[in-house]
Amino acid sequence: MASSEQAEQPSQPSSTPGSENVLPREPLIATAVKFLQNSRVRQSPLATRRAFLKKKGLTDEEIDMAFQQSGTAADEPSSLGPATQVVPVQPPHLISQPYSPAGSRWRDYGALAIIMAGIAFGFHQLYKKYLLPLILGGREDRKQLERMEAGLSELSGSVAQTVTQLQTTLASVQELLIQQQQKIQELAHELAAAKATTSTNWILESQNINELKSEINSLKGLLLNRRQFPPSPSAPKIPSWQIPVKSPSPSSPAAVNHHSSSDISPVSNESTSSSPGKEGHSPEGSTVTYHLLGPQEEGEGVVDVKGQVRMEVQGEEEKREDKEDEEDEEDDDVSHVDEEDCLGVQREDRRGGDGQINEQVEKLRRPEGASNESERD
């Protein structure tokens, strides 16, 4: 069945127009070449082969071309020996290949393209794995070297900058150290000067203290000497209110006036002679008072009231001086005593003594009624 179908297929082109008979039909020739190259067909004689090809619609030219291409034109069937009868050999069925249309060509091209693509892919993989590393290895090394050189240049620049900064900082630190040393030297000079000034001041202060001590001692000596030798006693005086008033007589008006003036004069004389220094310098007032007294009243004037008061005041002053001496002995630090304080103490002592004397004298001068009124007030 297959051989009949194959025989029918090449018979179809015979019904084509005459243009196809003129041109050789390559597919038919190719099938004829394959048919002639078959080992069984080659054993058959040429006449039978030609006759079979003509039956299939091949022309003589095409048959000749098929014989030339197949190379079986000189083939002759081998002698089978003497035979009485020739057995007709049936020609084998020609296996005619079907007519390949244009789609089969595209398939062949596609398969070829796929094969070429596979080969190209293989070459590409080989190129990537083996050839590229060999080619690009040197380039990468060069790039790495360039990178290393760039990094080294950057590092050298940064190191140079840091070195310059360190040099500037060291210079500034050295300047600061020099300034600090200068300040330390100035402070040392100032301390030495301060020590010298303090020593000189201390010496001056000690000298001043010694001078003050000597002055204080001299003042104490003067005070003690003044108090050891009491002032010269003055004549005793009697207040005016104790003097008996005599009746005035017309024969002696001057005496009355003088006696009335004598009542006032003792007060003035006493006020002028309030201080002990002044008492010694006012003897005239005392003589006046005693000159006015009569011979009967001289015995009463012997009573020295003022001397008693003065003795009492001197006793109190001596007690105070003893207390002050004890306090001075207890106080070791006499360096801070000022001359003004000493003078103030002296003035207070003087005022206290004189004031007490004056108060007692005034009490003696005043009458009892006046003293009571003053106490009530």
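For all residues, glycine too, the Cβ spot is worked out from N, Cα and C.
Between the listed residues SER100, SER232, SER249, Swiss-Prot assigns phosphoserine to SER232, with no corresponding entry for the rest in that record. If you compare SER11, SER268, SER335 in Swiss-Prot, the phosphoserine annotation sits on SER335.
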